[in-house]
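Student: Shown below is the structure under consideration.
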Amino acid sequence: MLFDAALLLSFGGPDGPEQVRPFLENVTRGCNVPPERLDEVTKHYLHFGGVSPINGINLALVNELQVELDLPVYFGNRNWEPYIEDSVVTMRDDGIRCAAVFITSAWSGYSSCTRYVEAIARARRRAGTGAPNLVKLRPYFDHPLFVEMFVDAITAAAASLPAALRSEARLVFTAHSVPVATDRRCGPALYSRQVGYAARLVAAGAGYADYDLTWQSRSGPPYVPWLAPDVGDQLMTLASAGTKAVIVCPIGFVADHIEVVWDLDHELRSQADAAGVAFARAATPNADRRFARLAASLIDELTHDRVPVRVNGSDPVPGCLASINGVPCDLPHCVA
């Protein structure tokens with residue numbers, strides 16, 4: 001399969017205070033999120049001037065991709081400007097015929113994969129005749145470079161702790177929670193199992209035999225079951241058991257979303273300080289050059305029909321495959 005362009009497809013985020021509420025309404029439309037929760041998250045964004053940190057990160061990643069790939073690189077978002085629909089129209093007008101789509105989500109699942117596939121389909125319909133073929137690259141939660149970046153981040157975070165606490169620090173992984181029903185929708189529990197498997201790979205690479213896997217940033221009605229335990233609740237459990245230091249690894253995020261810089265760096269750190277627990281947060285990949293190399297590796301798999309590159313050579317948690325033009329791949333959890 002030959003590509004004449006690449007498209008970085010991300011989540012999107014506001015670029016100013018006046019954009020925050022419309023952005024959040026875009027993200028949560030149809031999800032039955034209480035208005036009080038939107039009010040709360042609005043304050044989180046306004047704390048940072050109403051600007052999402054992922055905007056600058058994505059532009060930096062586009063630059064890294066342009067260095068790594070011998071292709072023009074376009075950029076579009078699912079939930080905010082530049083929308084993927086507008087980007088694909090531009091690609092059509094530029095004469096692009098077939099583009100590899102790299103999404104800033106490492107996982108399978110409805111929220112982390114299927115909704116991006118749906119966005120690709122919408123964008124091609126909007127572009128109409130002459131729309132380029134869009135090939136979404138596979139999830140990469142077990143790619144060696146994905147694991148390596150988080151291993152290095154944990155090692156650096158541990159080094160930032162007081163020397164006397166490093167050996168006893170508890171490693172805590174966290175990812176964005178979703179409703180249990182949503183996790184089962186592309187099941188059985190595909191998203192949570194992939195996160196768990198990636199955490200196991202990263203912990204082993206960083207030299208940790210024991211760790212905790214937690215979830216964060218739930219936003220739905222309180223009566224709806226979401227993935228648990230919550231990272232804050234687990235922190236309090238650890239503190240009560242005498243844990244003196246934690247290393248929090250946001251393995252579910254490939255960039256510093258507001259859920260990282262507010263929910264973890266602000267709220268969770270404050271909780272840890274109040275409980276007398278030393279806190280270190282591992283970095284996300286952001287615009288690490290290795291992230292661009294990872295994208296190039298996925299493109300190479302399709303261009304040269306190579307076996308997917310995985311840490312252990314096989315996929316014990318079968319995920320989505322590459323998909324074309326917004327059509328789900330052939331696996332049962334995608335077409336069900």
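Along the chain as shown, residues are numbered 1 onward.
In case you wondered, yes, glycine gets a Cβ from its N, Cα and C as well.
Source: prediction; values computed, not measured.
Feature list, courtesy of Swiss-Prot:
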type: BINDING; residues: S52, Y116; note: Fe-coproporphyrin III binding site
type: BINDING; residues: H176, E259; note: Fe(2+) binding site
Student: Do me a favour and check the Cα-Cα span between H176 (Fe(2+) binding site) and Y116 (Fe-coproporphyrin III binding site); whole Å is fine.
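Tutor: Y116 (Fe-coproporphyrin III binding site) has its Cα 16 Å from the Cα of H176 (Fe(2+) binding site).
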Student: When you measure from the Cβ of E259 (Fe(2+) binding site), how many other Cβ atoms are you left with inside 10 Å?
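Tutor: Looking across every protein chain shown, the total is 20.
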Student: Work out the three-state DSSP category of Y116 (Fe-coproporphyrin III binding site).
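Tutor: The three-state answer is helix.
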Student: Going along the chain, which residues six or more apart from S52 (Fe-coproporphyrin III binding site) have their CB under 8 A from its CB?
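Tutor: Looking at Cβ-Cβ distances below 8 Å from S52 (Fe-coproporphyrin III binding site), excluding near sequence neighbours, one finds G12, G13, P14, D15, F23, Y45, H257, I258.
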Student: Could you measure between E259 (Fe(2+) binding site) and Y116 (Fe-coproporphyrin III binding site) for me? Cα positions, answer in whole angstrom.
Tutor: 19
